[in-house]
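Have a look at the structure below before the remarks.
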Amino acid sequence: MEKKVRGLRHLMVTVFLSGMGNFIVIPGITDVTMFALCPATDECSLAIYLSAFQQAMIGVGTVLMIPLIGNLSDEYGRKALLTLPMTLSIIPLAVLACSRTTNYYYAYYAVRTLTAMVSEGSINCLSLSYLADNISDSERASAFGILSGVSSGAFVCATLAARFLSTASTFQVATFVSTLALVYMRIFLEESRPDQVDSMIQPMLKEGEDIIQKDGNAPGKMPVFKKIPSLGDVICLLKSSPSFSQAAVAAFFASLAEGGMISSSMYYLKARFHFNKNQFADLMLIDGIASTISQLFLMPRLVSSIGDRRLLSVGLLVTCVNAILYSVAWSAWVPYAATTLSIVMVFAPPSLRSIASKQFGPGEQGKGQGCISAVSSLANIIAPLIFSPLTALFLSEEAPFQFPGFSIMCIAITLMIAFIQSLRMGSHVSADTDKNNSNCIQV
């Protein structure tokens, strides 16, 4: 037990440092983009469309790569696979650490688009899988919430640093911290292999494996190319488990809304209320503090009394209210007030991951988390294609009617769909209730 606790402590430090390195640049990246593409303006359609294209391309890459990375981590270990995305995430930060001129920005844009196809979401997926290897299913929602709380704590520290650092220093510090995270992980984090973990829950795929073993047709160690999941494998997996497919649908619409907010909200606030780096940092600071307190102290107590399914529904409903307030904001203080709802909004992601995790055994967590991440990434491809043109249109003079926050209101409608889907889930989601097709075991 002491060995597991020590390993999890190092995981938390790795997630904190890696998150801080990536989060610290978020408040300033909008200003950097606008300065490189449309200097001295508060509205820039080119910046919106380029950001949307980048987000969509990253989504295409992550749909293909995250299931593969998660699946390979089931075989070769979480630490081994963590090295790749953590290394790649350093490169684009180093480019802007050198300069923020237009040429350097385009170099950053191209490099980040390519590297994020592998790194975006992979660190979170592998961290959740590592945690699930060492935590029983009854405690998993709380553990996922605590891990999210550590990430939110990194977000708070990163936002505080960004608030007081110059733009040049911000990217230099981000490069250093991300490198430190990689070095720390390689030195201190112990490997977690599924075959080293005692079985803690009944795996969803167990029945199919037992059938093959009884028939005497179980293959030996599969070559790597047989472990690469195809789209058909993912679809088969979704069809074979009603509980998992319901969680995937909720994840899709929640991620579609999240992707829409990422591609739209900052440009909306800059055009509507002339927000700059410092105001973005203040908003993110409120969000991060509320999220950290909630996930570390409030969520572990609530999940034991009302369950992860209800927490998911509550989180999605309040996130919908937050989007509505953003869309109709009549003054600059309204987004600040709406952001305080993060104390409840943050219940949704770890609850959703916990529900999905319970459908898989400890030897299949990379597979399950990778599949959910792929569904979320698919939503992130679609989101900028829908919401970025809407944002650009309704912030321009050619808007069909006067409603600058119309795209954010559409995001709220998407969140309501996710909320309704969460209500349709069974009152007790468990792997024991689902039967899986043995043809899906090679996902």
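Using N, Cα and C of the backbone, Cβ positions are placed for all residues, glycine too.
Note that the coordinates shown come from a computational prediction; the quantities given were computed from them, not determined experimentally.
Over in TrEMBL, the protein carries these features:
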type     : residues : note
TRANSMEM : 7-26     : transmembrane segment
DOMAIN   : 7-425    : domain 'Major facilitator superfamily (MFS) profile'
TRANSMEM : 46-68    : transmembrane segment
TRANSMEM : 80-97    : transmembrane segment
TRANSMEM : 109-131  : transmembrane segment
TRANSMEM : 143-165  : transmembrane segment
TRANSMEM : 247-268  : transmembrane segment
TRANSMEM : 311-328  : transmembrane segment
TRANSMEM : 372-395  : transmembrane segment
TRANSMEM : 401-420  : transmembrane segment
### Query
For the domain 'Major facilitator superfamily (MFS) profile' (7-425), what is the mean per-residue pLDDT, to the nearest integer?
81
### Query
If we call contact 3 or more Cβ pairs under 8 Å (sequence gap 6 or more), are the transmembrane segment (372-395) and the transmembrane segment (401-420) touching?
yes
### Task
Report, as numbers and ranges, every residue of the chain located at least six residues beyond the transmembrane segment (401-420) whose Cβ falls under 8 Å of a Cβ in that stretch; write 'none' if there are none.
250, 252-254, 256-257, 260-261, 264-265, 268, 271-272, 313, 316-317, 319-320, 323-324, 326-329, 386-387, 390-391, 394-395
### Message
Test of understanding: applying the rule of at least three C-beta pairs under 8 Å (pairs 6 or more apart in sequence), is the transmembrane segment (46-68) touching the transmembrane segment (247-268)?
### Response
yes
### Query
Counting only pairs at least 6 apart in sequence, do the transmembrane segment (109-131) and the transmembrane segment (311-328) share 3+ Cβ pairs under 8 Å?
no
